[in-house]
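Written below as structure tokens is the structure these notes are about.
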Amino acid sequence: MVVIKTIITSLIFVFILSTSAAGRRTKLMGLNSGDYADGICKSRVETQGYSCEEHKVTTKDGYILSLQRIPTGRSGGKKTAGAKPPVLLQHGLMSDALTWLSNSPDESLGFILADNGYDVWLANVRGTNYSSGHTSLSPNDAEYWDWSWDELVEYDFGAFVQYVYEQTGQKLHYVGHSLGTLMAFGAFSREEMVNMVRSAALLSPIAYMGQMPSPLARAAADIFTAEVLYWLGFKEFAPGGGAASKLVDDICSKIDCTDLESIITGPNCCMNSSRASLAHQQPTATKNMIHLAQMIRQGTIAMYDYGSEDDNNKHYGQTTPPDYNITSIPNHLPLFLSYGGEDLLSDVKDVQTLIDTLSDHDPDKLVLQYIENYAHLDFVYAVNAKQVVYDPLIAFFRLN
């Protein structure tokens, strides 16, 4: 009976978590299944008066990923796209490239960068609706979902960076939010792709999560929510539709679900209130959620723990997962870290641990921005983010 109650409780936490925070934007933007067929360029970029290109890149392990390119701003510009500095934008957990396009063009980073003379590239990681292809597998196959953010570091990040570098012939700037920052930290700690990157702007940086105070996210980790789902055979962590959607509708008919966003991510100060109750979220791998839960419980940044010394030894040649050594990030790599005082996922204490770990970084190459009233989603959806975050970010890029 106790086991059954734990499973039920775990599933409720999962469905609450997966339908709440990161990307409630589909209905707002009028997106439906047809829009996925049209692609981001046609449905979201060209409608705003920008030129746009759809690109595909295949990872070394067979995943077919999509990128969108906005080569010029609304006014066009005299320079060719190749002469403009490229910038790659990487979304966070259970989101996609629409993260950077969801507000008006004057408020969305993807459009703002294009209007400021950058050659903008928008990445969509494996498993999202825009990057659901594979050379031999289908999302209906359990094997398709056999990955965590280790694979996003090893395959997706490198594929995106190398593709943009080769297409433009230039080193690129990088912007990551949340999980997009963890991907960068993982790759840079191995000194991978650093020779192709000019600088990195990391918003709501995620590296250490041991002090994360988000009550629902921590509770889900503590009761092994994702592990329960995995044991039950759910290899895809699907946020919407079916029983999950009905359960959340039932829960939200009894409580104010707009508060869940604040409970999970922190009280976002500056988002358009009409967006709070809207649902747009992308699938991820349950294994990925397990990996993040391990980080919360253990307070470390390490590779996926397979749960036994024998299994870890099979994968890594050692009984414990290897650490990602943040101190190995090259000291000369320009980094812009922007974090918020109200963020419950990228907690101030965890960010301070990250900053302490980077203590030997060249002080002229490390810019820290602390925004006291910002929470996790403000960095990508706040209506005043241009003035608060993006203008300083662009100034940082121009120095590098």
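Glycine is treated like the rest: Cβ placed from N, Cα and C.
Please treat TrEMBL annotations as automatic predictions, because they have not gone through curation.
Pulled from TrEMBL:
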SIGNAL    1-23  signal peptide
DOMAIN    45-103  domain 'Partial AB-hydrolase lipase'
DOMAIN    109-360  domain 'Serine aminopeptidase S33'
ACT_SITE  Ser178  active site, nucleophile
ACT_SITE  Asp343  active site, charge relay system
ACT_SITE  His376  active site, charge relay system
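Overlay of TrEMBL feature records on the structure.
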| residue | record | CB count, 10 Å |
| --- | --- | --- |
| Ser178 | active site, nucleophile | 29 |
| Asp343 | active site, charge relay system | 28 |
| His376 | active site, charge relay system | 31 |
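When the domain 'Partial AB-hydrolase lipase' (45-103) is classified with DSSP, helix, strand and coil residues number 11 helix, 21 strand, 27 coil.
Calculated from their C-alpha atoms, the gap between Asp343 (active site, charge relay system) and the residue listed as 'active site, nucleophile' amounts to 11 Å. Taking CA atoms as the reference points, His376 (active site, charge relay system) and Ser178 (active site, nucleophile) are 8 Å apart.
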